[in-house]
Structure formats: structure tokens, C-alpha cells
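**Student:** Under the heading transmembrane segment, TrEMBL lists B:6-29, B:36-56, B:62-84, B:96-115, B:135-160, B:192-214, B:226-250, B:256-281.
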């Protein structure tokens, strides 16, 4: 084996020195008393409009906490972004790269595909994976999916919430008997995930359901809407994504189906979904876990202190308070509060991913605490536990008036009791398939 | 009534097909004169629509926005021709195709870098309300788009037949060496072709933008143009129109009448099935020139 000569050694030492020096100078590098949020963001590509809003809101909230409070109990929050363009392989690359930084608190990719690809990795690396409002439904069962948190809303709860809303609008769930609902879904695993749930809900409440697929990306829907017009449904549930949503609204207008009879799901509820549809979107209603608008105290504070100091993340200030921006802010609140709760148990220092996971499993924000955080009316509450990683989030419905979203319902609870057995059936099958030991929530709570 | 519904589906499909033809014509223009399958046509369409809508949102009158967008499209077309395709002249077609694939990513990125990632609405002032014609509902916007496509095809036909540069296009398309021999400037003609393709991209971008909203996914409409080109032929404007009509009608009728038996959602690929079937019978498409080579 050749021995390295002194010149080689000095070059290596110089390179090592330069590397360490660069690392120390990197902005946002996690050091002592810093908690790091790796962001697999997407600011270019087909879904950049959603990505810039969500990650912008998330960063704005972290900035607010740092500027206003000096971090969480003195622990500074840091982050950096890795561009995924919403592509799974890029998201996984980002994961491999970013996970090596110390003090990783949680992963928040806002992408079903990337989240699915990371599930095994986060279990191995013992860091929580947050899939707010999305992700695989059975990860709600924290007994099996210890590190995955579909906070606030999973796809099944979303479906139940929509049916509950339609029932309330018609004068009670019993009035749904004999009604006809069409679900227009995106031709992807995401779009198809709720097919069995709508069947189940139809059987329970006595309405008939027809589920119609729109092939990706959904920029042509003439035949689907002509068929819908022939079916003459009472409501159409729009389970879309991206360009499919405005095209659905425009094509509905084209065939004469009224927009106020179309109810959008949680990924069909943003300004980006309705603005391109113009007047065709007037009267369209969609589910949400967080209201839009900038009138909430936390939004006011962000506008004043973060944007006022020129540190806001959105390029266009008009987007403050938009649906994706507010989702990012709510996601920021949930992440930060999980860290705060975990610090109460483990100490006011940089926490490990597993400790932050504990924080998420004890994330209980009742309406009073939500109000104290300046988010009353922005979102309702959350109550996460070892067994329930979704956290009983409530939903509300907003109607587009041509210029802005307007809340048109109370906070509605999905039918969790109906959904839980199906979720458990799926999660236990996953556990058996992957050899996962199912956790005992009672025993874990007792040991805490 | 069933026949009425069938007619609605058929007419809707034909009108959608016209929209596909609009995109396909941009491909044909480039392919006809330079033999390059320009995969960047979708990105050009996105760039044109995004530039136009961003300029009007900044307060520019529509005519000025159209002129500036046209100038931008001419500039981009000339740049692609000069910087990418000219140095690759005489390279195999696959090399040129890959180059345009690369160009499409660059143009998409540049569009987002320059104008941002936000989704925009585009109102051309044409109501998209259903019109009842003989008991059949027809979209007024789709009728308008069909009229625009018709006007564009007529203008291009006149241009190719009666203008000096148009005749130059045809000469280059027929035989580049012979065109050079009679003193035609290939550089000038190719630059003009790219400019024309930019204009087509602007028209298609505005119509598709009004339909989908001006957003990134506009560049994906190229996927709708490909089976149209296979059916109609890569070098025929008439073929692009007829191919578009066939693809539109096949897609819609298949989705409505075959879809329910196979789980639905088939219109994304059924056009390709039709195109592949056609390819086996007539490889050069309905109107495409047959390739005869001496071996």
C-alpha cells in the first residue's frame, strides 16, 4: 500500500480546513441550541405555485418565532431548502443530503410521492415525517406508523367531512337518502385513494355515488362533464390536483352545471385552482383545514414584523393570507409547538428527531391555546396521540366569490368512528407485511 | 335522447381536436422546413402565454402586449435556431430532437424565472357559455377557437402559396440543396420559420391559456399534439387539422362509450392507440409525404 507523502497530507489538511470553514459559514447550519428543519421545497416546475405559498408560509412562521421570541425557549430555528420540483427521486436525493445536518426536527415534503418514498427511511433514522392534510391514510394509526403524521386531515376524513357538509347543507344527513353524488377524481393513486370510502359513505347514508376518473394532468374533461350532465347529480365532488381543477370548473360551466353544486377537496381549494377559471368558479365551495385571509393575529404579526422588516418569504405580498400560505403557517405552528412540547419533557436544547416525534405525539392544542397563538379562526384545534397521528382536525368550507374565499360553514368533525376500523385494518395489514411490532399506546402513555 | 348526446360528444370532441391542431401546426412548420421535431413547441407556447398575460397584468394595452410578445417569440426562435440548431446541422435527427428537448426545459425554466411561478387567469373576452344549436349544446369558446384555427390555416396557406418567403419555405422543404443552388438563404428562411412557429405558439398559447389558465402545465399540451402528428403527418398543415379532428373525436367517444367498461380514464392513451394503429397501416400519416430513398 503506498504511503501518502507529506505534500499529499498537507493538501488534504488544507482541503479539510477549507471544508470545515465553509460549513461553519453556511447560513442556517445547525449548531448548538439550534433546531433544523430540512425543507424539500418546490419553487420551480408544474406545482411551484403551491410550493412557494406553502414553504413561504412555513418559513415566515419560523422567522417570526426567531425574531419575536429568539427561537423556541432560546433554541434558534434553522432551515434550508432543497429543490425537488415535486419529483420523487429529487425529494429522496434531498433527504439523503439534508439528513446529515445535525438537529433535524422533522420532514415536511408536502408531496404524497416523496412522503411515500421516505416512510422506511424516517423509521430507520427516527425522525418524524409530517404530511399535513395528505399522505397515506393508514399512517393515522401511530401504533404502526410511529414516525409518520398526517396532521389535521387524512383523505378518508376529508371524504367524510365533505359528505357531512353536503348533508348539513341539505338539512341533515338523513336527507342524503336518494341523492346522487358524482366524485370526479384525478387519475392517480392520490385520486383513487378515496374510492372505497365514498362507496362506504354512500351505503351508510343511502345516496348513490358515481366515481369518474380524469386522466392526468386533466387538461381535457369534455367527455367526463357531458356524462355528468347526463347523470344529473345533486353534487359533484372535485378531487383534483393542479390544472385539473380550473379545467373542471370551466368545463362544468360549458355544459351548464352550476358551480355552487361542486364541492372541492383539500387539494382543489386554493386561489390557484379558481383564478384561472374566472367567472366559472364563482359560487364554487371547497373544504379546508385552515381559513384563508390575513386578518388573524398571527398573520397580522407576520405582516408587520416579518414583511415589515423585509424578511418575508413571499415575493408577492398579495399572497399573504392565501390558502397555501396559511397552510404553511399552520404547519409552522404545529411543528414549532411539537418542539416546544418536547422541550418541556427533554429540556430546552437541540432535540433529537425521536424526541420531536414524542412532541408530535403529545401535540394537543385546544381552541384556547390556538387563540393564544394568534390563530383563532385560522384553524380549530388538534389532539394528537400515540394511536391517532391525525389529531382529530376539524374542517370548514369556503366559497369563492370571484375575488376571495369566504367561510360558509362551522368547523365540522368527520365521522372518525366510522373510519377508524378501516384505517386499523389497513395499518395492521401493513404491520404484518413489514414485520412491525404494533405499539401499545396505554403502556407508552403510562411510561411517560 | 341518445343521438343528441352522441352528437354533443362528437361535436365536443371535434372542437377539442381543433385545439390540438393549433399546437400541432407549430410542430409542422418547423418539421416541414428543417426536418426537426421541435419538442420545445409546448414550452414556447407556455412562454408566449406567460409573457402576454404578465405584460397585460402590468398595465400594458393588449395590442402592445401582443407586439412585445411576438418580438420576444421572434427573438427566442432566432436564438434557438442560431445557438442550438445551426451548430448541429447535418447531425442525426435524434440529436436534433434531443437538443429541442433540452431547449424545452431551458425555455420553461426561463419563463418561470422571468415571470414567476404564479398561476394566472386569462380572459379573452369570449364567454364560455353553452350555446344550443339544433338541440345540441356547443361551447361558444370552442367555436371561437375553431374559427381562429381556420383563419390561421387560411393565412398560412396564402402565405405559403403567394408570398416570396412562403415559396422559399416550400422550396427549402422540398430540397435544401436545390434551394441553396438557386440562391435562397437557408439562414434567413429558418429564422423566419422559427418566427412563424413563435406566432403560432402565441395564438395557441392564448387560446389554451384562456381554457386552462396560464400555468406551467400549458407546456404539457404537446402531449396532445403528438398523436395528431402521427395521424396527420409531420409535414402537413392540412394533416394537422384532420389529425386533430380524428384524435379529438376518438378520445371523447371512446371515453364515453368504451371507458365505463374498462374503468374510465382512457382518453389520455386511447389517442396513442389510434395513432399507433394508424402508423402500422400508413407510416407517413394521412397527409405526410412518403419518404423515398435510393439505396
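Glycine is treated like the rest: Cβ placed from N, Cα and C.
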**Student:** Check the transmembrane segment (B:226-250) against each of B:96-115, B:135-160, B:192-214, B:256-281 and return whichever range has the most CB pairs under 8 Å.
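**Tutor:** Stretch with the highest Cβ contact count: B:256-281.
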**Student:** Below 8 Å between Cβ atoms, which of the listed ranges B:36-56, B:96-115, B:135-160, B:192-214 makes the most pairs with the transmembrane segment (B:6-29)?
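**Tutor:** If we count Cβ pairs closer than 8 Å to the transmembrane segment (B:6-29), B:135-160 scores highest.
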**Student:** Six or more residues out from either end of the transmembrane segment (B:62-84), which same-chain residues have a Cβ under 8 Å from its Cβ atoms?
**Tutor:** 40, 44, 47-48, 51-52, 55-56, 99-100, 102-103, 107, 190-191, 194-195, 197-199, 201-202
**Student:** Using a cut-off of under 8 Å between C-beta atoms, tell me which stretch among B:36-56, B:135-160, B:256-281 contacts the transmembrane segment (B:96-115) the most.
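**Tutor:** Most contacts with the transmembrane segment (B:96-115): B:36-56.
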